[in-house]
Ligand code: GDP
C-alpha cells in the first residue's frame, strides 16, 4: 500500500512530523521531488532535527529510506545529514539512492546565487540551493545522472566538456565569474562517485518487489500544492512537481498504487519567498502569529528567514487539496491559535468586482482581496489533549468549519510539534 504525504499550501505545513509519525507503521519512506531547498523539522526521542534531503522516516530502525529519481541529489549534503544523525545517536539508517537520480552540481548553486543577485529586488526568493538551474539542466538533457558516474569515463568527460562550454557563456559574460574547468568538474564527479557508491540501487526495481510483498510505503512530499510549477502560483513556484501524482514518477512506481493521499493543511497560513498571498497579515498581528507559530516561531528551516504569515485561506486550501487529490487531511499547528479572541478565515476572493471561491491563475491572484469570516477563539492551550471530544467547543467548531470549506475529511489534528501530539478525529463528511 502506498500513501503520499503532501502539502496543500505553500509548504511548511508540518509534513515532516506527520511522516515521522506514520513512518512507525511503514516499511519504506521515499523522497520523490525537490532537494535540500526546504526542510522538515522533526522532534522525537533523539532530539530536534531539521532534515532537508533525507526522508522523515530515518529515525526508525525497521524502515528503509529512499532518495528517488525525482530528487535533486546534493551528495555532500546527503552525507553531512547522515553524519549529523549518527552524531546524535540515531541508529545508522538504511538508505538507498536511485541510480536514476540526478546530481546537484556546485555550479547549479553558484548559478542560482548569481541569478538571484542579478534579479535583486525582483528575485523569486530562491533558497540558492541550485534547484532551478538543476531541473533546467535535467530537462535540457545536460544533467548528470548517478548511473553516469559508474559508466564510461571518456564519455562522461566529453559530456562535462560540453556542459562547461554552455555554462561558461553565462558565468563569464552574464555573471562575470571565473569559468568552469572541465578537469575540475570531472574530479568533483569522481569524488561524488566514491561518496554515493554504497547507497546506489535500482530503487524502482526494489519498490516493484516491495509492492509485490505488500510492504507499506510512504511518499514524502516537499513544499505544497501552491508551489507546484503547473498548478501553483507560477512563476513563484519551485522547479519540481510538489503533487502526489508526481510521486509515481519521482519514485518509479505505478500511479494506481497510490491509495491514500494524506494532505497536510495548516490551521493558519505561512509562506516563504515572493508571490501573491491573499490572506497575508502584517505588522504586530503577523509578528505575534510568527513568534507563536510552529515550534519556536515561523522561521525557515533551511534559511532562517522569517516566514510571511496569514490567516487560514479556505480558497487556497480547498484548491490545494483538490490538485493533490486529497483523500484525507491532517490539520496541523492548531494549538498555535489558542491566544486569539476571534480567528478570521478567508472564505472568498474578491476580484473583478466579484467574490470567487475558485483559486485563480496568478495574474488574477495578484488583484484578489480576501473576504473573511470570523470564528470565535477558544482562548486556552490545547496541547496535551489526546481525545478529540476534550477539545474546547470553539476549537472543534473551527475544525468543522475548515472541513466544510475544503470538502475533504479531516482525520488527524496536530496540536503540538512532537511525534505523539496528534488527535484522531472522526470526520463529519
Ligand atoms: P514541513 O516542511 O511541512 O515538514 O513543515 P516544517 O518542518 O516547516 O513544520 C513546521 C513547524 O511546525 C516545525 O517547526 C514543526 O516542528 C512544527 N509543527 C508541526 N506540527 C505542529 C503542531 O501541531 N503544533 C505546533 N506548535 N508546531 C507544529
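Even glycines carry a Cβ here, placed using N, Cα and C.
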Hey, TrEMBL has IMP bound by 12, 13, 14, 15, 37, 38, 39, 40, 141, 238, 305. Any idea which of 127, 327 it lists too?
127
For residue 14 (GTP binding site), find which of the recorded positions 40, 127, 307 come within 10 Å, Cα to Cα.
40
Measuring CA to CA, name the entry from the recorded positions 37, 40, 238, 305 that ends up nearest residue 12 (active site, proton acceptor).
40
Here are some binding-site residues: 11, 14, 39, 304. Which one has the most Cβ atoms within 10 Å of its Cβ?
11
Cβ density check for residue 305 (substrate binding site), other Cβ within 10 Å (all protein chains) comes to 14
